[in-house]
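The ATP binding site annotation in Swiss-Prot covers Gly12, Pro13, Ser14, Gly15, Val16, Gly17, Lys18, Gly19 and is backed by sequence analysis. What Swiss-Prot lists as domain 'Guanylate kinase-like' is 5-184.
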Amino acid sequence: MAKRGMLIVLSGPSGVGKGTVRKEIFSQPGNKFHYSVSMTTREMRPGEVNGKDYYFVSKEEFEQEIAAGQMLEYAQYVDNYYGTPLKYVNEMLDSGKDVFLEIEVKGAMQVREKAPDGLFIFLTPPDLMELRQRIINRGTDDIDTINKRMKKAVDEIEMMQNYDYAVVNDEVEKAAEKIKTIIRAERWRVKRFLPDYRKQLGELN
């Protein structure tokens, strides 16, 4: 039976660059992470691809998935649902593959409760003014939505204490490399290393 894979959760406030950093990690040679595509009810942005960036569904479809217990986590953010389908994540982990989630902070806290052995990384901006400018530069939100996102961001940064590691996204390439370094180190933590040895010892007895 394959050793169970590691669940890696990257989250942070809206506009911090989670998607950009995740894409940088996945674009590098030798990448073996499996990206769990999130589901959302928000409208597709220019350049996004259904099934690659997100699964874009209606509110009714999303709520049906919730009712059926098919979401690992979900949250409602600025009037839209975001969440992670459960089936794919479990299939990948059980087959020994490492699964990479890029999700909202509220959703990450739900995953923390259900999968406490996951690796939780908080991506943070250099400062709040930089975060506001990044949201404005996206050109997808009106001023009211930008203000909502900033208020939410302040609350989310306070939740950083619930994560294992924090990475400042001042430069995408540097942030991606820091995250890869964290993951490499995490593999050798005793709590991840010891279960396999105990299993081997049990087989000898």
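The backbone N, Cα and C atoms fix where each Cβ goes, and this holds for glycine too.
Residues Leu123, Pro125, Leu131, Arg134, Asn169 surround the recorded ATP site, their Cβ atoms falling within 8 Å of the Cβ centroid of Gly12, Pro13, Ser14, Gly15, Val16, Gly17, Lys18, Gly19, which are themselves excluded.
Around the Cβ of Gly12 (ATP binding site), 29 further Cβ atoms fall within 10 Å across all displayed protein chains. Take the binding-site residues Pro13, Gly15, Gly17, Gly19: by the count of other Cβ atoms within 10 Å of each Cβ, the lowest one is Gly19. Cβ neighbour counts within 10 Å, taken over all protein chains shown, single out Val16 as the most crowded of the binding-site residues Ser14, Val16, Lys18.
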